[in-house]
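See below for the structure under consideration.
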């Protein structure tokens, strides 16, 4: 009688060591340490006799195998072994490890030391492999019988009689074990037994496996349900004493071999890879002219296909499990829960606020069809995040932002909303987010059979502005931050806290005053609800004629936009301003030397202002160093006029001094180093 089962492939494993050894098998770390499993030899036991090592002489062991213990094979286990034999649950790490091994055709190597024939026997090597396949199949059917006819039936009987636990729980734990048992006991095992009995006349098994291999795909359902079954088993073992009592009683019986129910349930998960191992070895041992070679190779391919089918089941199970966990963290909102979604990326980001000074903590979930912009809940009872905005990937656009104040930031623009975000750690993290978002966008476009027509060109900025004009009101704009302007971006009147407050145009995103945004227009991205817009957008969206009292005034000498100057400037950055003109305490200004006006220094209160606060003609000025106490200070001096500036760094001060000296000497721009001046 063969009693070793699926786990007893090691010649030196004693019966009392089986629980701990099998417990180690249930974790992925065992596979990594032991490498590929090898069927070295069989541990056989005859009634009334001590167990013997079949196929290996005494004292000779396969490399990597432990030598037999000097104690008797059925001695009482040690304390450590008794601890190892306790019930253990099978984690998802094991399934992940098994999935990775099933994904490669070459994950198993043929054994170097095979079961050797006894003295005087000359059986062909391929027949011995078939004999091993039959013996392991007999042991496997015995385990399936234990699962289906003993554990399952006894638990079902207890559930019906005591009503201590539901019958459905028992059926969910054992899934389709009954179908697998019937297939192997009534079809697969008899076919193998009959073929081996007639081996002299029919030395082949490839045709048998070909006929029965398609039915092995029923294992996918078992594998997909395996983790849930393990969780239910652990839950009800703690929850219901009668449930645990039935399991403990069966586990202590001789038929269970001192193994836990969890380890018996692991047998079907490991069985198909075992078939692949033995059949691959069988093909390698067949002579080149063997009549079974072609059928055996085809059968091996079918077994590999069944293994891949189980691999796909494991992948799908993990995807659904991860998706469900994400939905739980989001509060299980009805409009979000969709099992067909795929989570592509998640992680924390920083939201660049339009009104606040510092960025705010936010969290993104990127799915294949939507981006969820979430806020962490302060009291995380149930849901961990609150969904603020959902942006459809089909209408989403992403690009990197160039912002000296907020490095590694990027823009996410959708019909529902436009967000300025910043990666928390590095430029690489920002690029990773951009790539993930763009990959999702490209996949949607490919699915809809549409392709991008935009091509990078020197006129890229102009094309982008034209595209924004065409989409005005169709998608949420990028809002200009409040602190980037000190005056209305339409009428150039300065803001103040009482009479002229800041407002945002919902169509273009400009910061404007109340007078310039006293208009309403329907915006398609906001469900055609009337929203506050500026005068220019109102005219564009409605087609109404511009009122006479709103016509543009003649452009003043200081009405040179700081934003335009920054993009086409010889030099621009923030500088600290000192002197009576700026106040005793000094102030901070955005200073620009435009390319189209290279002899004038414009000083703005903020980078996005449309009108400069002051302009200084640089021609004839002397650029001198400031007090030696601070090397970052420099001065402009001419005929009693004195302006004192302070840069953030000494290197930035040197660049400003160089640019002002060229302007004061009336040197025209265009030198080879001019491009190095701009910040």
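Backbone N, Cα and C define each Cβ position, glycine as well.
Curation plays no part in TrEMBL annotations; they are all automatic predictions.
TrEMBL annotations:
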{"type": "DOMAIN", "residues": "125-313", "note": "domain 'DH'"}
{"type": "DOMAIN", "residues": "342-442", "note": "domain 'PH'"}
{"type": "DOMAIN", "residues": "482-542", "note": "domain 'FYVE-type'"}
{"type": "DOMAIN", "residues": "568-665", "note": "domain 'PH'"}
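With DSSP states grouped into helix (H, G, I), strand (E, B) and coil, the domain 'FYVE-type' (482-542) comes out at 14 helix, 16 strand, 31 coil. Here the domain 'PH' (342-442) has, by DSSP, the following mix of helix, strand and coil residues: 19 helix, 47 strand, 35 coil. The DSSP breakdown of the domain 'PH' (568-665) into helical (H, G, I), extended (E, B) and coil residues amounts to 15 helix, 48 strand, 35 coil. Within the model, the domain 'DH' (125-313) shows a mean pLDDT value of 90, rounded to a whole number.
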